[in-house]
Each structure stands twice: as structure tokens, then as C-alpha cells.
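Student: The annotation Fe cation binding site is assigned in TrEMBL to H192, H252, H323, H539.
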Amino acid sequence: PLHVLGQVNRSFTCTSKKLHELPNISPLVSSVEETPEPIPTTVKGTIPTWIHGSLLRNGPGKFEFGNHYNHWFDGMALMHRFQIEDGQVMYRSRFLRSDSYKQNSERNRIIVSEFGTLALPDPCKNFFQRFLSRFEMIKPTDNASVNFVKYKGDYYVSTETNYMHRVDPDTLESKQKVDWSKFIAVNGATAHPHFDPDGTAYNMGNSYRNKGAFYNIIRVPPERDGPEDNLEGAKILCSIAPRDKSKPSYYHSFGMSENYVVFIEQPIKMDLFKIVTGRLRGKSLNEGVYWDPNQETTFHLIDKQTGKEMPVKYHAKALSTFHQINAFEQDGFLMLDMCCSDDGQAINNFLVQNLRQSGEALDEMYNTMSRPLPRRFVLPLNISSETPLEQNLNTRPDSTATAVCRTKNQVFCTFEDLHGEDLKDYGGLEFPHINYARYNTKPYRYYYGCGFRHLVGDSLIKMDLESKKFKVWRQPDLYPSEPVFIPSPNAEKEDDGVILSVIITPVKDKSTFLLVLDAKTFEELGRAEVPVNIPYGFHGVFNSSA
């Protein structure tokens, strides 16, 4: 399973060609039972004894209440904890006791609408009541199934609505439902905040006002004022007007360098009229999200100290991005590294029925999708009235990215690839991760991610930015989750540490395991086998107890 770029097995099919006979992965998106009491795992190989803490993971774990959910993102949040101590691992999981989960469970019916599933009117109501219910606004879900996030030392599970849940990171018990809109005027926030070294958190959320939608940069202080304090002191650092206030961009995350928040306004658009009238028309939220390839992508830079949006806007061709890798400033430039696709249809492709397909239908589905690839944009920061127009301002050696002033406040950028052609053999890369604690907002050399030769990740990849060579862990019928980097004690090199990833398989029952790789060599150190089934999840964090 281990390859280096210069020695990659050429028998892999390049993704420019069509893939055939993709295996069925429907068990990876099937409902499971929770495991609320800790159970031991069986360790094979060696798990370093210096690892002290818990890998916390989040993702959908229940896909029906009477009726089936339509979209992968709709499944009820199932939280996982892999507790690692003295080379041993204990596992437990719990469903988030959200209002959505409790109401659905009580009625064994989908009561609360999700991203791709519209809750149908109660059949026990009379015709007139069911008719009137179509005129109600769709209430935002509190099914926080995307990530674990940390504010002021507390762990929350988060999605992209205005609701989060504070949870106990040891027991995974749901402690408190928290509404962003009670603290600041936003209608949601991403599940991917960024952090300054002092613990100050930054996030983004939309607000919807009489004058239309706005994008808002949020700052949350690192200190708590008391035991009941959660988001107290949160402030809107900056509000940004969309290009079209009735059709703002969808975004899943954002970039951050030492001095700037970078918001990527991409041409995945949300038609607010369609969303607001969705229930009346019998349509779910995702029906109002669409891709407009005729619009450019715009990068907005916001000064973290002043909260002011920089007057210069950076433009690029239409692209879609879900996750950024890193951003850093150097020699008057801001490097923005992220996983990009040239098509933004993907969000509406992850219907449960698509993920459960097999045969030719599955192959066709995969082959129509654009691959995510890691790319760098180089944004020149020192733009003035003297800056020459229509010439490449990127003077960095060995960089093929361009940045050309079209007007004094508008720069058009093209990217450089953060990979060689061979990465396409593995389906591109998503779920990127770096040594965040030491290298976020700083120049760095390595990033990690999942290769996607299927609709979900089927390999783990380590990329060396200096050589564009990579190492791969890949084994048949095994599907790794997002890699999480843990630095070793007294680490000197950037890749001194381990990679943790949860591995699942659709071909063998109860065969989940936690994989531990040496981050430097990318060779397997050990695995902890869990005797329960786990669905394919989204994101997680490591909670150190050292």
C-alpha cells in the first residue's frame, strides 16, 4: 500500500479515463446502533504509548425515521470517541440528542427538514391544516453532524445552521443547545473555525436582513467569564455584501493567514427566493443551491486587527472549494492553498440513493463528477495606484501561479498545482490536514488528505510540497476517513508524529479500525479493531489529555 510518486504503480487508471466496476459502498451510508458505554478494541501492531487523548469524530449515523433521508448530509449526528492511553484504545459512540433527533424518534417520522429532505406534513392533521403548513418557513435543523469545534475550552458539535451543541468530550453526552443568533446577528456559522495561537477563534456566518444577505466574519475571544459563558463576547468583525444579495454564495469554510481572514466567494449560489418558498413548492433546501459556471470566484481579504475589508479584490475563474489547506504571508504575498474543483455540482450529487448505487449507474455517477485537486493562489498584497496593469505580479521563483492587475482594485489570478500529474491516478485529494498547531498561517512543507477513487475517500496521502512527491496508504475495500496529525513529544521536524484515521469496509461486518501511521514514513504502526459498524463520517479533532 505504500508508494512514492516517482515509483507509483502505473497500472492505476488515470481519472481522465473512465473508471469501471466501482465496488458498492452502500453499507458505509447505512444506519448503525450507538455504543454509549466504552468497549475495548483489539490492537494489532503497536500504538505509541506517548499518545494520550481522544480522537473525536462526527458524521451521520441514522438515515431513516419511517421514511428515508434523501441526502448524505441529512443523517442524524453520531459522535465517536477513540480514547488512546498506554498503547490501548477504547471506543464509544452516541447519537447527538438534538431536538431533531428526539422529535423524529418520538414520532418515528421525519419531523424536522434537513438539507436534502423536506419533512412532510403530519398525516394526522386534516387537509386544511396540512395545506396551511406548506406556508410555514422551514425551521433550521439542530442536527449538528459535521464537526467537533472548540470555543473557550469547550467542545461543541456543529453543522452550518445557527445551532451547535456543547458536549462532554469524555462521555459524548449532549449538554447544551447553543444558538449563535442569541449572541450576534448571524443565521449560522461554518463547522470549520480557525484559531490564533492565543485561542481566539474566527468563523463565518450569513445574516439575512431587509437589504438582503451579508457574509459576516465572526471573532470569539479565548477566555471564559464564568461557568455559564459559552459564546459571550463574540463579535462580528466585518460584514461583506454579496455580489447578488438575493443569491449569496454557499461556503463550507474559509482561509486565514496571520493578518487576514480570506473569504472565497464561489459560484455555488443559494437562491434565497427558492429556499424561502421551498415548503410551499414541496422542495427541500438543496433545491435552491446551484452552480453558476459563468461567474468568477472572488477572494475577499479582511484585516483581522481592524476588521476592514481590503479594497483590492482578487478574482479567479469559476471554481468550487470545500476545504482550505493553509494560508500564509511571505515577501509581500499571501499564499492561499486549497482543494478545488472546476465544477460545483458535487454538493447535490451526494444523495443517499447515489451513494447506494452499484454497477453501471455507480460508475456513471462517479465519472461525471469533477475531481478535487490541491492548488495554490498567490495574492500580491502591496497593490497601489503605481502597480502596473496587465503584467504578472507574482515574482516568486518556481511559481507558475499568476496575478495580473486588471484595474487598480481588481487582480485576476490563476493557480499553480500543489501536486504532480500522478495524484490524478488517486482521484485527487480532499479532507486536507496539516500540522495545524505549529504550521497554520506559516510556510509549511507537508499536507495530508484522502484520495478519492470513489465517491468517498479510498486512500490516505501525504504530499511533500518541495518535491511534489507523495506517499500513499491504500488497501482493497478499505475506506479511510479524514487524516488527523498528532505531533510527537519534543517534535523537531514538521512531520514528526502520527496520522490517525478511522478505516471502514463495506465487505465485512464489524470490521472498523483506528489506523495509526508514522507521519514521516507513512508506514503503518498499528491498528485498533472495533467490533462494531461505523458509517463513513465527516470531520474530527484530537483532544489531548497529556
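Backbone N, Cα and C define each Cβ position, glycine as well.
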Student: With the Fe cation site defined by H192, H252, H323, H539, which remaining residues of that chain have Cβ atoms positioned within 8 Å of the Cβ centroid?
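Tutor: Along the chain, the qualifying residues are V146, N147, T190, A191, S253, F322, F538.
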Student: Around H323 (Fe cation binding site), how many other C-beta atoms are within 10 angstroms of its C-beta?
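Tutor: Cβ-Cβ neighbours of H323 (Fe cation binding site) within 10 Å number 21.
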Student: With the cut-off set at 10 Å between Cβ atoms, which of these binding-site residues ends up with the most neighbours? Options: H192, H252, H539.
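Tutor: Max Cβ neighbours within 10 Å, all protein chains included: H539.
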